[in-house]
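Engineer: Pulled these from TrEMBL:
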type: DOMAIN; residues: 25-106; note: domain 'Manganese/iron superoxide dismutase N-terminal'
type: BINDING; residues: His50, His98, Asp183, His187; note: Mn(2+) binding site
type: DOMAIN; residues: 113-216; note: domain 'Manganese/iron superoxide dismutase C-terminal'
Amino acid sequence: SFCFFSSRSGAKLIAPLGCLVSRQKHTLPDLPYDYGALEPHINAEIMQLHHSKHHATYVNNLNVAEEKYKEALAKGDVTAQVSLQPAVKFNGGGHINHTIFWTNLSPNGGGEPKGELMEAIKRDFGSFANFKEKLTAVSVGVQGSGWGWLGYNKEQGRLQIAACANQDPLQGTTGLIPLLGIDVWEHAYYLQYKNVRPDYLKAIWNVINWENVSSRYATCKK
């Protein structure tokens, strides 16, 4: 297989290894709001550390792991490729998950979704209140660190709730398309809510960006 990449000199067709060589490094995305914009529900100190330290670390470590993987691939060193896969999964998952998470939140969020997403929630969970209770319970129940997710099962054409451990990305590990992710690592809430995860989960519903979740749902249904 081949891949296209674009440059100022135009698009070029290059071989698979060239795709890796020409790959742009992953970068930390900007937040679509200020660090303090989600207060009082998530305070500025948490958001700053979470974004500029934790997410930045996943991005940096992913770039390092991919560079080493590229070298192993060039050498045909399968052992090294296999040994690097956990680092790619963990840091790649951290980058994917947080990139979704930031857009799932908004200072103008909260309330309930509208339109097709709301109809799908009622169809698959009975009511919005029931859905909210189930996703909260799954997120509270994550042992150690991980995520609670609302995903879309494309094969079955329905919404599904799932939990993922650590930074396991939802789609890469379950096949579900991520719509809404709730980060329940302690770094997402400990400075404000200490060890009381349920209080954090109660608060986060006030800043859920349903427009973003609805947009993701509309896109994955096509």
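Residue numbers in this text run from 1 along the chain shown.
Backbone N, Cα and C atoms are what each Cβ position is placed from, and that goes for glycine too.
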Engineer: Give me the DSSP three-state residue breakdown of the domain 'Manganese/iron superoxide dismutase C-terminal' (113-216), ordered helix, strand, coil.
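Structural biologist: DSSP classes over the domain 'Manganese/iron superoxide dismutase C-terminal' (113-216) add up to 54 helix, 24 strand, 26 coil.
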Engineer: Let's check the environment of His187 (Mn(2+) binding site): how many other CB atoms sit within 10 Å of its CB?
Structural biologist: 13
Engineer: Once near-sequence residues are set aside, which residues in the chain of His98 (Mn(2+) binding site), 6 or more away, have Cβ atoms under 8 Å from its Cβ?
Structural biologist: His50, His51, His54, His55, Tyr58, Asp183
Engineer: For His50 (Mn(2+) binding site), just count the other CB atoms lying within 10 A of its CB, please.
Structural biologist: 23
Engineer: Validating a neighbour-count step here. Other CB atoms within 10 A of the CB of Asp183 (Mn(2+) binding site): how many?
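Structural biologist: So the Cβ neighbour count for Asp183 (Mn(2+) binding site) comes to 25.
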Engineer: List the other residues in this chain whose Cβ sits within 8 Å of the Cβ centroid of the Mn(2+) site residues His50, His98, Asp183, His187, in sequence order.
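Structural biologist: Apart from His50, His98, Asp183, His187, the close residues are His51, His54, His55, Phe101, Trp185, Ala188.
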Engineer: Pull the DSSP breakdown for the domain 'Manganese/iron superoxide dismutase N-terminal' (25-106) and write it out as helix, strand, coil residue counts.
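Structural biologist: The counts are 59 helix, 1 strand, 22 coil.
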